[in-house]
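Colleague: Below you'll find the structure I mean.
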């Protein structure tokens with residue numbers, strides 16, 4: 001199958017993420033929280049490198065995964081409630097809490113939605129744009145809900161030590177707002193990125209028509 005990215009670009013991106021991973025791990029505020037946050041990055045990067053030849057993704061998807069990985073690693077480094085740039089945004093917008101975790105949850109909807117869309121469209125598993133859009137949003141919300149369950153399990157297992165991982169910042173509606181941000185990310189995919197995504201799929205011969 002035709003590669004969508006040159007091996008040099010893909011390998012350089014993986015190396016960049018590895019270096020960021022090492023740096024954030026060394027300087028992490030809490031090593032256990034960092035490990036829990038970056039584990040998905042480690043798994044996904046290995047998976048993408050292993051499948052780059054037989055199942056290459058669109059450059060758009062690779063780019064968004066790259067950005068999402070950085071967001072996760074920075075969140076793991078400081079813990080989401082203490083990311084410095086989040087405090088700057090909080091002050092600038094006059095918010096009551098650090099909003100960096102909401103950026104993470106937005107991408108948690110955006111990226112899985114695009115992954116789901118790419119798989120569904122390329123595999124021709126579903127006919128009809130509206131049904132594809134609906135299923136893409138369902139997948140993103142399901143992943144978001146699973147992540148919230150993982151946070152709950154972590155809270156039960158770790159007790160007070162899970163506060164940095166949960167990052168609720170005293171917000172009783174944190175779970176609901178997290179999932180809403182994920183939904184916004186998924187809607188961004190189906191409303192604003194779908195056409196460009198389809199053009200890339202056609203350009204690289206990943207779909208026909």
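Yeah, the Cβs are placed from backbone N, Cα and C, and that goes for glycine too.
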Colleague: Where Swiss-Prot splits the chain into topological domains, do residue 6 and residue 155 land on the same side of the membrane?
Modeller: yes
Colleague: Which stretch does Swiss-Prot mark as transmembrane segment, out of 8-28, 92-112?
Modeller: 8-28
Colleague: Same-chain Cβ contacts of the transmembrane segment (32-52) under 8 Å, 6 or more residues past its ends?
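Modeller: Distant contacts of the transmembrane segment (32-52): 3, 5, 7, 10-11, 14, 17-18, 21, 24-25, 62, 65, 69, 72-73, 75-77, 79, 154, 161, 164-165.
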Colleague: Per the 3+ Cβ pairs under 8 Å rule, pairs at least 6 apart in sequence, do the transmembrane segment (132-152) and the transmembrane segment (178-198) touch?
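Modeller: Contact between the transmembrane segment (178-198) and the transmembrane segment (132-152): present, because at least 3 Cβ pairs are under 8 Å.
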Colleague: If we skip the immediate neighbours and take only residues 6+ beyond the ends of the topological domain 'Cytoplasmic' (199-209), which ones have a Cβ under 8 Å from one of its Cβ atoms?
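Modeller: Same-chain contacts beyond the ends: 2, 4, 56, 58-60, 118, 121-122, 124.
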